[in-house]
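Student: Sending over a structure as structure tokens; questions will come in a sec.
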Amino acid sequence: MIPAAYLMIITVVIFAVLFNRELLTTLRGDAIASFFYMSNWWFIFHNVSYFDSFGLPSPLKNLWSLAIEEQFYLVWPLFLYGFLRWIKNPKWLLRIIIIIALLSAILMAVLYTPGADPSRVYYGTDTRLFDLLIGCALAFLWPFNRLSPKIPQQSKLALNITGTISVVLFCILVYTMNEYQPFLYRGGLFLVAILGVLMIATIAHPSCYLSRLFSFRPLRWIGTRSYGIYLWHYPIITLTTPVTEIGQPSLLRAALQVAATFVIAELSFRFVETPIRKKGFIAYVKGFRHRNYAVIKNKPIGLWAAISALVLSVGIFATGMSGILPIKTKAEHTVTEVKTSTNSEKTESKKEEKQPAKQPKTEEKNTEQKAITPKPAKKTYTYTQTLALGDSIMIDIEPFLKEAIPNVTIDGKIGRQLVDAIDVSYSYKKFNSKGSAILIELGTNGPFTEKQLNQLLDRFDQADVYLVNTRVPRGWESEVNQAIKNVSNRSNVTVIDWYSVAVNHSSYFAPDGVHLTKTGSQAYVNLALDAMKK
């Protein structure tokens, strides 16, 4: 396991150095944590969401599950040795395994907060231990080397029914559940683990028809290479998917990514995993000394090429991990662009002051300009104080909102969920009064329930609340907008329909299809201001 994983990590770092240096800002830490199989806790302590779908995620994020497995492999033999030495009762061992598995599932349910990012319970060794322990319980109850192909007809029928039901239920759960459903963390994943154990038990039994069905050659090929497929699929997808396709995948690109994953997994299986499994790592490394390298005119060109490639790869990897490479992030690019834009505007302003006033341009040009940034109707803004509460979209519109409402209080935060806003709302009690306006923009990062939304609205039941629905090309968009629609009958709530305005204006959005351009930000503020003016 380890050599193949290390090869993947090194390859990803080399790729980042050569083609995407911006990734190195987070990749260094991710790589070090992955080398020590601690990446799941690294992601937890650094608040790296597993479910964040904006921008390019870490190509090593999939190693969180291998980290849990490796941690378990280090502790489990010691636990097993100590238990069997001092207690020596396999029945008690099975009971303790089941109890710890149940405690792990209960801990997941307790730590999970509906509406919040569930990454903590998804990554945690403590909250995912039940997956591995249920497998250990199966090993005690269902020893595969003792399964007989000759069993009574009644037992065979029970085996086939159990296997069929477990496969069908598993497929239904995969199709119907998503990462934000509370049931998933309050028994759902535990149920998936139970179904997984039942599927393994029945498929592995020679008397079950599923055993023959899953012996289909292509499935066996995938099964024997599943480790390599898991290792490589995630970095291949993340490194070859442009931001514009995140959440809106191209079928052609997806097919090519699957093909690339299978090819690289096959190479890993043939030239790394299988030789090391058969010979051992030391013998595998020593074997390179005795290979027949290409010789041209009595010169070992092949050996020199191999050594040069190795030295170059190590050098590039070390350079990437050292932190000495200059990296210009997108944020710095944005700052440069903003400064350039500001300087250009100042220059243009000075030119306009020196030049005589020009005649208005044609009506066609004016019409085009109005289409880009529609101006709000001329009404009066009467609120004495205004609070704008939201996520990263609120950060996008902040400069335009401040220009439109000079005394507005803006609280926007990247990755904010509605449940987080409920906690934040307690610090804004002064805005819950007559003559106050509350502009709420949430739902970009995940769904929320009508109950949770009402909890937030109850915090501002005396103020006028303006609730903006969302345009985000993700699975939860309709769920968020439906929850917002359902609370529109509250007397102090006005729903601002941003979705209908934005859905046909791609120019309003950045390449990720979620965050706003200057044009989109201005249109957003104009729409909100028009609704808030009386």
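Positions of Cβ are set from backbone N, Cα and C atoms, glycine also.
Any TrEMBL annotation is an automated prediction that lacks curation.
Source: prediction; values computed, not measured.
Pulled the feature table from TrEMBL, pasting it below:
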type     : residues : note
TRANSMEM : 6-24     : transmembrane segment
TRANSMEM : 31-51    : transmembrane segment
DOMAIN   : 35-264   : domain 'Acyltransferase 3'
TRANSMEM : 63-84    : transmembrane segment
TRANSMEM : 96-115   : transmembrane segment
TRANSMEM : 127-145  : transmembrane segment
TRANSMEM : 157-177  : transmembrane segment
TRANSMEM : 183-206  : transmembrane segment
TRANSMEM : 301-325  : transmembrane segment
REGION   : 335-376  : region 'Disordered'
COMPBIAS : 345-368  : compositional bias 'Basic and acidic residues'
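Can you tell me where each of these features sits in this structure?
Tutor: Sequence-distant contacts of the transmembrane segment (6-24) (same chain, six or more residues past either end, CB-CB distance under 8 Å): 31, 34-35, 56, 58-60, 63, 231-232, 235, 239, 268, 272, 313, 316-317, 319-321, 323, 325, 327-330.
Confidence annotation: the domain 'Acyltransferase 3' (35-264) carries a mean pLDDT of 92 in the model.
Proximity of distant same-chain residues to the transmembrane segment (63-84), defined by a Cβ-Cβ separation under 8 Å and at least 6 residues beyond the stretch ends, is recorded for 1, 5, 9, 33-34, 37-41, 43, 50, 90, 93, 96, 123, 125, 128-129, 132, 136.
Sequence-remote contacts of a segment are chain residues at least 6 beyond its ends whose Cβ falls under 8 Å from one of its Cβ atoms, and for the transmembrane segment (127-145) they are 68-69, 72, 76, 90, 93-94, 97-98, 100-102, 104-105, 107-108, 111, 120-121, 189-190, 193-194, 196-197, 200-201, 204.
Long-range contacts of the transmembrane segment (157-177) within the same chain: residues 151, 183-184, 188, 191-192, 195-196, 198-199, 202-203, 205, 207-210, each at least 6 residues beyond the stretch ends and with a Cβ under 8 Å from a Cβ of the stretch.
Within its own chain, the transmembrane segment (183-206) has Cβ neighbours under 8 Å at 105, 108-109, 112, 118, 121-122, 128, 130-131, 134-135, 137-138, 142, 144, 147-149, 159-160, 162-163, 166-167, 169-170, 173, 177, 214, counting only residues six or more beyond its boundaries.
Here the transmembrane segment (301-325) has Cβ contacts under 8 Å with residues 10, 13-14, 16-18, 21, 24, 27-28, 31-32, 288, 293-295 of the same chain, all six or more residues outside its ends.
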